[in-house]
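Please read the structure below before turning to the comments.
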């Protein structure tokens, strides 16, 4: 069975191999995200352990966040190249059309949920992304049943770039603040123009907020197309 899977993988074109690679990257991304969240919780509870210091938890959190950052960047690179190669080499396939967006959603959803759990992104931004994805998934199903395919538009591409940049920015800040032994609260209090923790988070989340706007705009394309087939 294992040999059959390897044989099928070798026979796939490069874009599909990159898509599968991104799907597989979602596994360690999920595991490291859970571990990072656990370290965050333990670092906030000084009385949890008598033999491991709070600083040790923060070091572990930093290491896990670093791995998450590397995995996320790697996933976004494969996303860029599998689409580029598929278009240039005319290797667009049904497999890619189905699994490429699924792989993207797995990577980005895990990442934004981690940022939410670490209180590094406003809740409403996450809600916008998740609700839009659910609605678009339903619309895609309706369109597929009617043999209608919608190509990615510029709004969707802008959203993807802004979302990727926003997630990378937040991960870098989390890593940097843990390395210097500081919390968000210790940073924003040094700036008079930023009066609260939530305001500081909002400032760092501007790329993600703009991405959320483009997310809604790009989602409207699917809704307007699918509603024609709804009775």
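Any Cβ shown, glycine's included, is placed from N, Cα and C.
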Transmembrane segment according to TrEMBL, located in which of 59-77, 78-96: 59-77
Correct range for transmembrane segment (source TrEMBL, candidates 161-179, 180-198): 161-179
20-38, 39-57 - the range that TrEMBL marks as transmembrane segment: 20-38
Long-range environment of the transmembrane segment (59-77) - Cβ separation under 8 angstroms, sequence gap at least 6: 22, 25-26, 28-29, 32-33, 35-36, 39-40, 43, 103, 107, 111, 114, 164, 167-168, 171-172, 174-175, 178-179
Same-chain residues near the transmembrane segment (199-223), Cβ under 8 Å, at least 6 residues beyond its ends: 112, 119-122, 125, 128-129, 132, 135-136, 139-140, 143, 150, 153, 155-156, 158-159, 162-163, 165-167, 169-170, 173, 184, 187-188, 191
